[in-house]
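For reference, Swiss-Prot has these:
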{"type": "ACT_SITE", "residues": "His361", "note": "active site, proton acceptor"}
{"type": "BINDING", "residues": "Cys369, Cys372, Cys393, Cys399", "note": "Zn(2+) 4 binding site"}
{"type": "COMPBIAS", "residues": "113-122", "note": "compositional bias 'Basic and acidic residues'"}
{"type": "COMPBIAS", "residues": "130-175", "note": "compositional bias 'Low complexity'"}
{"type": "COMPBIAS", "residues": "176-195", "note": "compositional bias 'Acidic residues'"}
{"type": "DOMAIN", "residues": "231-503", "note": "domain 'Deacetylase sirtuin-type'"}
{"type": "ZN_FING", "residues": "7-110", "note": "zinc finger"}
Amino acid sequence: MYAVNPIECIHLKDEYDTCINKSIFDKDLKITKCHACNDESENWICMTCGVVSCSRHVNGHAGEHFENTKHPISASFSDHSFWCYTCDTYVHNTPLFDICEILENIKSSNKKDKIVPKKDQKEEEEEDQVVPSASITTSSTTTSISKQTTVNNTTTTSSSSTTTTTTTTSTTINNNEEEEESESETDESSSEGEESLSLIQRMREMIFGVGRGPKIVAPSEQEESEEDESCVLKKPTIEEIAKYINSAKCKNIIVMTGAGISVAAGIPDFRSPKTGLYEKLDKYDLPYREAIFDIEYFKKNPKPFYVLSKELFPGSFNPTTVHYFIKLLSDKGLLLRNFTQNIDTLERIAGIPANKLVEAHGSFATSHCVSCKKEYSTEYVKERIFKDELPECTETSGCKGIVKPDIVFFGESLPSRFNDCAREDFTKCDLLLVIGTSLKVHPFASLINFAKGCPRVLINFEEVGTNPYGGFKFNQPSNKLDVKCIGDCQTLVLDLIKLLGWENEFNQIVKN
């Protein structure tokens, strides 16, 4: 999953409507078994017809399904990637962003179903009394959910109905006949809602918990919400962001970072002609360049990955301005969390506390045998790599497995800490800073969707993340909270430090 930039194939452009059918998610997908062998370990869903099949690493029924149907695009339930069988590569496109959220929701829902004990009937009836109220209409799904609350011994029942363009809400108080009628309608609406519950809404509930996180409100409530939001920033500029950070209102800052913050440290990127890391791998005749980050390919041929690792291994690079800025935020008690895609451990070297750090794609800091899971030191792996030897498992008798740094590959799940912190942190976020990332790798990229009602700042070489599914609203007339700073992220962060008046403290951190 790390550093993969899937292509936009023709099937996601000219043939999107033919190949992608979102209605496949309307059916019950709580159990994602292969349709042919019932295996549950690693399955893909056909984005055209919704058939669930196992991967080539199990029994290969997904490939057989393609041969029989010629449906090109499938999505992974494991890592939420998309594969085009016709183009024979990983693919992605902006309209697939919301499908990533749906896949994450299904995965989270299945995991939760396995670990949560079954409640008795009385508990379920009690919970039914506090289900959040919401109505959502999308291009393919209409959802109605009822809400019943009791305030000062007075029961208020609200029922919501939706069409494709409007949402109306009616409320009846202290009228028994109307309450009974409304409750009857609510029961019917709730029943229908349970059958066709919007998967995106379920995604939010899984990440944030019921009754928490971004709220879905009626238009009148939305107007009030926007008025409240407009008080945070007078206008969406970096100068206003600096004032906001220095105010008492900003207490919990989340920073999302990508490879762009480490380029200034001398770490080469992947795709630059002649100098990019991928150029050095051409001689290994990879099936596709990103195969070096495929766990099954690694098990068969780990050498290309270790050639690449020599260019990235920690110890040869120093933190950058951005890393030390995040450290300063932590020292000032403003950093809630730093979610990073980087595997270079420069955040650790800069002194960002471990409890403030989420290495979403893992790192070189620890390593394990892919066969027996025995942990090995970074020094052991580094010594073998720089001797051009494969780091084999030596401490488990007869194992001889390959020792791999704990970097997340395709086919591997993100660290549990990623989901745990995302669920907890984004309900508290006062400010989101997104620095040096292309926002193309999911589910990391979709995190920006969950920073609701607070300022969001993009500091990047180019504008990214402006998708219609919760992305930045830089160029929209309604934008009051999203700020973009386009250019070199090191220079732009230095400018922000000056606006904040933190130059002396920053210089002291760098000096130390």
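Glycine too: its Cβ is placed from the backbone N, Cα and C atoms.
Here the CA atom of the residue listed as 'active site, proton acceptor' lies 26 Å from the CA atom of Cys399 (Zn(2+) 4 binding site). Look at the zinc finger (7-110): DSSP puts its residues at 38 helix, 18 strand, 48 coil. Residues Cys369, Cys372, Cys393, Cys399 make up the record's Zn(2+) 4 site, and a Cβ search at 8 Å around their centroid adds Val370, Ser371, Lys373, Lys374, Glu395, Thr396, Lys400, Gly401, Val403 from the same chain. Rounded to a whole number, the C-alpha distance linking Cys369 (Zn(2+) 4 binding site) with the residue listed as 'active site, proton acceptor' is 18 angstrom.
Within 10 Å of the C-beta of His361 (active site, proton acceptor) we count 24 further C-beta atoms, all protein chains included. Under DSSP, Cys369 (Zn(2+) 4 binding site) is assigned to a strand (E or B) in the three-state scheme. The local packing around Cys372 (Zn(2+) 4 binding site), expressed as other Cβ atoms within 10 Å of its Cβ over all shown chains, amounts to 15.
Ranked by how many other Cβ atoms sit within 10 Å of their Cβ, the binding-site residues Cys369, Cys393, Cys399 place Cys399 at the bottom.
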